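As listed in TrEMBL for this protein:
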- 15-489: domain 'Major facilitator superfamily (MFS) profile' (DOMAIN)
- 17-40: transmembrane segment (TRANSMEM)
- 52-72: transmembrane segment (TRANSMEM)
- 84-101: transmembrane segment (TRANSMEM)
- 113-133: transmembrane segment (TRANSMEM)
- 154-171: transmembrane segment (TRANSMEM)
- 191-209: transmembrane segment (TRANSMEM)
- 245-264: transmembrane segment (TRANSMEM)
- 284-305: transmembrane segment (TRANSMEM)
- 317-336: transmembrane segment (TRANSMEM)
- 401-423: transmembrane segment (TRANSMEM)
- 435-459: transmembrane segment (TRANSMEM)
- 465-485: transmembrane segment (TRANSMEM)
């Protein structure tokens, strides 16, 4: 056995911390502008409608879905610094483009669409980050490192809107630098701040990040990504085939996990408006508070699950997480007899027509900027009569909704971390870039399809059908997990090199 030196250990963990930072900045890049996209879009291109906003929100996930396998493949054969720097540079350039979408005289909305898609493309480096952490940690370190990675990602999603709120102090007009046609205001300052963070990230990657690889027992290994020779154990421990049945199963489970969470965060605003007669402003405000608390809950769960997995193992925790998610959606089914308040009249000649399907194509936070016009005195509230199910479907009580939020906020982070951890252990010591790319792409695809699914089923059939189908999908996932349960073991355990 080759014992890892203290210097190698410190260098390896410094590099892992740079990966944590990269993950954090990637999620900040998504969430830092999400609340201001709609008013900025209206300002730069009045021809854009709320439907186009849905495409702009989705373009991030589409870009990430396309880029993840490409960056993952790149990282398998070249030093990981290359795809990391290139992807971050793309995000920096995309943020700068976003700050300048007001300059062209026409088609500004398409420039904004391109900018957000490129930010998502740059976020494809998540696959590189995950594959590096998988290769640079032993089996005993893996769960903790993956949990830390997911926690950094979650904190980025939480802090992004906080940064955005701080930048609103600059105001809508802000400062104009005519020499370079730059407007520094509440819409452009966040992305320029994101670009600055990206530049700092690139500098740290060059200055601190080093390629390291250890085997499942923590012994120093040679790496195809390493610049030069690194002493260590031979690659004989990489011999053997990856269990592709287990790989496909985890990809499917991860898709389902991201799919149901995308449905959960998308349905929040329209569901509460229909059930509790909340105005748009009330729905965004209250759901913003609830989902912020859920985000904090998730970070705590990421920390707790690191310790818990050492006692029970990842498979049992994944099983428990899926059960909690199932109970969370089961609670959301309408059980009582009381019907929701019915909205009998639609307001005519309103510059913001109430179209439920459009609202649900956007995450809850993107609705925050959709203010009613100043001459608008009465906003229709309640369940619109155009949704026929409103006339015969019982309401979902507020206690049901909040209980569901708490349970899903508990189950989702558990499933997220355990999926990544099990996946990396199943793949073993071989380069994981392309595999991590496919896993990230499946998650991005789920985040695209989730809002589309819920907008169709909820609008036309109602919450009973929507949440019943979600429960059915989770049950299928639990059955699949039972079928492949014994195959979800580490590569080294499968080939008898380590005991489980």
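Every residue, even glycine, has its Cβ placed from backbone N, Cα and C.
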Looking at the transmembrane segment (401-423) and the transmembrane segment (17-40), are there 3+ C-beta pairs under 8 A, with each pair at least 6 apart in sequence?
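Checked: the transmembrane segment (401-423) vs the transmembrane segment (17-40), no contact.
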For the transmembrane segment (84-101), could you work out the same-chain residues 6 or more beyond its ends whose Cβ comes under 8 Å from its Cβ atoms?
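Here the qualifying positions are 22, 25-26, 29, 33, 44, 67, 71, 108, 111-112, 114-119, 121-125, 128-129, 181-183, 188, 191-192, 194-195, 198-199, 201-202, 205-206, 209.
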Might you confirm whether the transmembrane segment (191-209) is in contact with the transmembrane segment (245-264), defined here as three or more C-beta pairs under 8 A between residues 6 or more apart in sequence?
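Answer no, regions not in contact.
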Counting only residues 6 or more past its boundaries, what in the same chain has a CB within less than 8 Å of a CB in the transmembrane segment (465-485)?
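Hits for the transmembrane segment (465-485): 245-246, 249, 252-253, 256-257, 259-260, 263, 267, 315, 318-319, 322-323, 325-326, 329-330, 332-333, 454, 457-458.
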Under a criterion of three or more Cβ pairs within a distance under 8 Å and sequence separation of at least 6, are the transmembrane segment (17-40) and the transmembrane segment (191-209) in contact?
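Yes, the transmembrane segment (17-40) contacts the transmembrane segment (191-209).
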If we call contact 3 or more Cβ pairs under 8 Å (sequence gap 6 or more), are the transmembrane segment (113-133) and the transmembrane segment (317-336) touching?
no
Taking all residues of the domain 'Major facilitator superfamily (MFS) profile' (15-489) together, what is their mean pLDDT?
81
Six or more residues beyond either end and a Cβ under 8 Å away: which residues meet both conditions relative to the transmembrane segment (435-459)?
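Cβ under 8 Å, 6 or more out: 54, 58, 61-62, 64-66, 68-73, 120, 124, 126-128, 130-131, 134, 242, 247, 250-252, 254-263, 266-267, 270-271, 356-357, 360-363, 387, 419-420, 423-424, 427, 465-466, 469.
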